[in-house]
Amino acid sequence: MASPSRRLQTKPVITCFKSVLLIYTFIFWITGVILLAVGIWGKYAMFLTLIFLVELVAAIVGFVFRHEIKNSFKNNYGKALKQYNATGDYRSDAVDKIQTTLHCCGVTGYRDWKDTNYYSEKGFPKSCCKLEGCSPQRDADKVNNEGCFIKVMTVIESEMGVVAGISFGVACFQLIGIFLAYCLSRAITNNQYEIV
């Protein structure tokens, strides 16, 4: 069984996926009910096919450009460190949240902070601390040594199985929906469907 801190790290990811799937399902049910009322199931099957193809293309593009996405994250995280301040803008909050949750410091290591304005003024941020409530200032012994980039990529790659499984499940239901909508459309156009 995973450690409590590991479960806390994956819970927001899984909750996010559940929310997206719930919204996604509601959109297709509402669209289906509206199209059923209008009686244009053939167009609904084409609409579902179009959405399926767009999702397929998005998945392929994400897979092909995964290395560019990693490099983009690394560069943006480095920029967030350089622009870090303790006043609480959203980038600084994100850096603090990542460093606190994953117990890491900097992009590739704690030395990344030494090139920032924040370090020259105040030292390391409190989110780099190994223990809660410390004030590390410039003491490298009190901060986490590992960089956040590798830890974030490890968490993302470990959750890819869950993402792939959910995506495969959604794709199967979409294909079944496309097939059933097409069959219903054919039945209606062939006058094999009796209105009660």
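Heads up, the Cβ atoms here are built off N, Cα and C, so glycines get one too.
According to TrEMBL, the protein has these features:
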- Cys105-Cys129: disulfide bond (DISULFID)
- 21-41: transmembrane segment (TRANSMEM)
- 47-65: transmembrane segment (TRANSMEM)
- 160-182: transmembrane segment (TRANSMEM)
Would you mind listing, in sequence order, the residues at least six apart from Cys105 (disulfide bond) in the same chain with a Cβ closer than 8 Å to its Cβ?
Gln99, Asp112, Trp113, Phe124, Ser127, Cys128, Val143, Asn144, Asn145, Glu146, Gly147, Cys148
Neighbourhood of Cys129 (disulfide bond), C-beta criterion under 8 angstroms, separation at least six
Ser135, Pro136, Lys142, Val143, Asn144
